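Structure first, then comments.
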Amino acid sequence: MASLIYRQLLTNSYTVELSDEIQEIGSTKTQDVTVNPGPFAQTNYAPVNWGPGETNDSTTVEPVLDGPYQPTTFNPPVSYWMLLAPTNAGVVVEGTNNTNRWLATILIEPNVQQVERTYTLFGQQVQVTVSNNSQTKWKFVDLSKQTQDGNYSQHGSLLSTPKLYGVMKHGGKIYTYNGETPNATTDYYSTTNFDTVNMTAYCDFYIIPLAQEAKCTKYINNGLPPIQNTRNIVPVSIVSRNIVYTRAQPNQDIVVSKTSLWKEMQYNRDIVIRFKFANSIIKSGGLGYKWSEVSFKPANYQYTYTRDGEEVTAHTTCSVNGINNFNYNGGSLPTDFVISKYEVIKENSFVYIDYWDDSQAFRNMVNVRSLAADLNSVMCTGGDYSFALPLGHYPVMTGGAVSLHSAGVTLSTQFTDFVSLNSLRFRFRLSVEEPPFSILRTRVSGLYGLPAARPNNSQEYYEIAGRFSLISLVPSNDDYQTPIINSVTVRQDLERQLGELRDEFNNLSQQIAMSQLIDLALLPLDMFSMFSGIKSTIDAAKSMATNVMKRFKKSSLANSVSTLTDSLSDAASSISRNASVRSVSSTASAWTEVSNITSDINVTTSSISTQTSTISRRLRLKEMATQTDGMNFDDISAAVLKTKIDKSTQLNTNTLPEIVTEASEKFIPNRAYRVIKDDEVLEASTDGKYFAYKVETFEEIPFDVQKFADLVTDSPVISAIIDFKTLKNLNDNYGISRQQALNLLRSDPRVLREFINQDNPIIRNRIESLIMQCRL
């Protein structure tokens, strides 16, 4: 039978070389996450950013934490936070525009009763009444006046454990922090000529750009990173910030060495990376309340931008690795909301962005050394996605955020629709950010990460500015170009190829002749005969079979076999421990997984439907293990697969393993299985439908789920190629003998061929419907 190919793949797919395993582990990483919501389900993350520090050769990348600097008087740049780190009580900072705003901040130690103290503010002795009732936290207080001879008033106190304070000039205002750590927030004072306000810092301080305000707030609330609190960190003068040094231009080509035929060129480029995520949201069959998958997909994006007066055309491909698989199950009823799998990227994930532009740097990117890059970080936030239910309020997946931080660069190759491009792959590590994501109107809430439902949040693209530098060996004659070959890391976008191949496979279903299909389904297809139609040589067929086996090892069918083997082992050990007791939980459960529910005889109709559906999903494996003379669904699916492989014009060695594995999982999703006991037939399908009837008259009788579970264990399981409704329709319209009925019930291929050769419309329609279910 044609289903021999699946049994061979299951048998042989576990022999894999160690080098292949290592390569696969390095290229693919998926993590299943089980979430148990509770008061301690989520925790905050430490505000530590272990980075390389400032890189002075970039015109676009600036450090997150610049400093520390020594106490001084200067005019801070606009839109930059001064993060002040005092060590003792007293005046921390003061600033004025010399017209209508004099603002100073003082620090008061813990546990200070109301007392009058003298402070020197703007060169004058001032008496101020202060207090701090906190036993552990230090208190920052703003002192402000609007005229030179006016009196100071106190504003915006901040109770702080880390003993850090922030001041910034921005948008006609002076911003500070108030409240109590770890929940301090920003506040502001309006002022004129804000850009001319000079600041005098009486303690060490850092400078943080406004774009990194979230980091500044984390430092205020939680303290500086541990590396900043060591004796190796020495404050320097603020004038060091103004040291003039030579920076590379946005576009720079430098000849490193040159011979008659070859030369080494160093390319320095400022780049703007724009990218977006793509996703796939797949709805399951049924009543419309269930989704099978919400996943990330590779996304291509082409754009133009201006670099040093030159318009640059760029192309990016964004992909993700280290996916976390979540799921939500609202219940077992057909109208309960279910998401079988939705993907989330978190701190254990990586984002890869392959970048190419039309500059000279990418013309000869084959032999490359000294590759380096530095990029800014970017925040990616999730939007709202509504799951449209037929009735009731829509569940909405909302929120979620991650920030991307540069973690390295390698060479790669992008495969677009028209051309292959040697490019750079920028790797980004992730950290989770606020807000968390949730699914409204469900129990899912307060989870961190970026889900795949709407990762772009209505934005056309995300943008990162940065710079890269590399040295490339190129021909001395600039008119020559080295050919494009696979670089260090090859990124082949199989999604596009597989999408086109799936469409071709689905269209080929209409070109299959049923009589030939039945003959092909009866042939013992092995791996060589299955794949030999693609390549003529034996070695090529062997290589393809090996690749298919490697991929097939990870299929859901192979995983089901592994699970079943464990169940049978448990059942065997249970029986050996107590041979005198025949337990449904130790025998039938290995095939049916209904050990806990078959004991209740008074079950409802919906409960029986659930049980029979659960049993039917496992009967494919039982049928494989106890092969009969009848034809089964896998014979038909394998024959259809063989026919389509022979007819396909787009199949290759890269896509074949994916297609064969998908076919084993997705061909003929709606299957029915039957067991025969004397003159009774019990039949159940994977969609929960069940029938019990007599062979002689096709008269329906009550369905006994306990009897069905027992027969499944002890009797052969038969694929209902011609299901009960088709049989009853055939008998009512044409009339069939008892022997013909038994042969059709046993899925006898000879009888099937006879009906097809007689052009029986009922049988032909049934076989055609099975062929049309062979879709990817």
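Including glycine, each Cβ sits where the backbone N, Cα and C put it.
As written in Swiss-Prot, here are the features:
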type	residues	note
COILED	484-518	coiled coil
DISULFID	Cys203-Cys216	disulfide bond
DISULFID	Cys318-Cys380	disulfide bond
REGION	248-479	region 'Spike body and stalk (antigen domain)'
SITE	Arg101	site 'Binding to sialic acid'
SITE	Ser190	site 'Binding to sialic acid'
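What Swiss-Prot annotates, mapped onto the structure for a quick look.
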residue : record                        : contacts (Cβ under 8 Å, 6+ apart)
Arg101  : site 'Binding to sialic acid' : Ser144, Gln146, Ile174, Tyr189, Thr191, Thr192, Val197
Ser190  : site 'Binding to sialic acid' : Gly172, Lys173
Cys203  : disulfide bond                : Pro71, Leu84, Ala85, Pro86, Thr87, Val92, Val93
Cys216  : disulfide bond                : Trp81, Leu83, Gly166, Ile208
Cys318  : disulfide bond                : Phe275, Lys276, Phe277, Ala278, Pro298, Ala299, Tyr301, Val351, Tyr352, Ile353, Asp354
Cys380  : disulfide bond                : Phe277, Ala401, Val402, Ser403, Leu404, Leu450, Pro455, Asn457, Tyr462
- Message: Averaged over the region 'Spike body and stalk (antigen domain)' (248-479), what pLDDT does the predicted model reach?
- Response: 84
- Three-class DSSP secondary structure - Cys318 (disulfide bond): strand
- Note on the structure: The correct three-state DSSP answer for Cys203 (disulfide bond) is coil
- Reduce the DSSP letter at Arg101 (site 'Binding to sialic acid') to three states and note it down. coil
